[in-house]
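Below is the structure I would like to discuss, written out as structure tokens.
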Amino acid sequence: MEIACPDWSHESAAFAEGFTCIVGVDEVGRGPLAGPVTAAAVRLFPGRIPEGLNDSKKLPAARREALAAEILAVAEVSVAHASVEEIDRLNILQASHLAMARALAGLPCPPDFALIDGHLIPKGLAHRCRAIVKGDALCLSIAAASIVAKVARDRIMVDLEQQHPGYGWRTNAGYGTRDHLQALLNLGLTPHHRRSFKPVHNILYQEASVSP
């Protein structure tokens, strides 16, 4: 069975429609119990596309790091975040869309067409968009965005682990692994935990119920 790889067909179709500044957008960090949600917007240029781009989840960490460096060297890139406070206030979907909108706004070239991973398009964007389900595995620009966003967020979680050791964020990136959940029970919550997420909320409620 042939394994599908991302290609340039979606960008080519947009160029054929007359668009000139075409970018891919993806986010990472919707599922973790801690840390921000991070989005990247990437404008690739034909003839300067790094080899081996793919969905960041399919790549080992060292390869992601190397590709992220290549992308930053040859593409226009913007990375943005939505904070834990925004996630808890808005909900994770709206916070993800906010991070995407911020990433798009941070590009040096105002895009006129955005290829967005998923099936929903953030509201209020001023340019044409196309949502592509599993776009990080189908579209080169989105694959590049997924890699940049993943590397950027992983680095944030490594930094946060130095401030709050014991939760394993360097390896679990804030996801609800068994060790992370056990650390929550043993060490309690940090300011970087998402109170609106059920496992965290349950622990917070338990702590409140036993307080004097």
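Including glycine, each Cβ sits where the backbone N, Cα and C put it.
Below, the features straight out of Swiss-Prot:
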- D26, E27, D117: divalent metal cation binding site (BINDING)
- 20-209: domain 'RNase H type-2' (DOMAIN)
D26, E27, D117: which of these binding-site residues has the highest Cβ count within 10 Å of its own Cβ?
D26
Return the average pLDDT for the domain 'RNase H type-2' (20-209) as a whole number.
96
Other than D26, E27, D117, which residues of the same chain sit close to divalent metal cation? List them in sequence order, counting a residue when its Cβ is within 8 Å of the Cβ centroid of the site.
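Other same-chain residues with Cβ inside the cutoff are V25, V28, A39, A40, M100, I116, G118, G135, D136, I142, A145, S146, A149.
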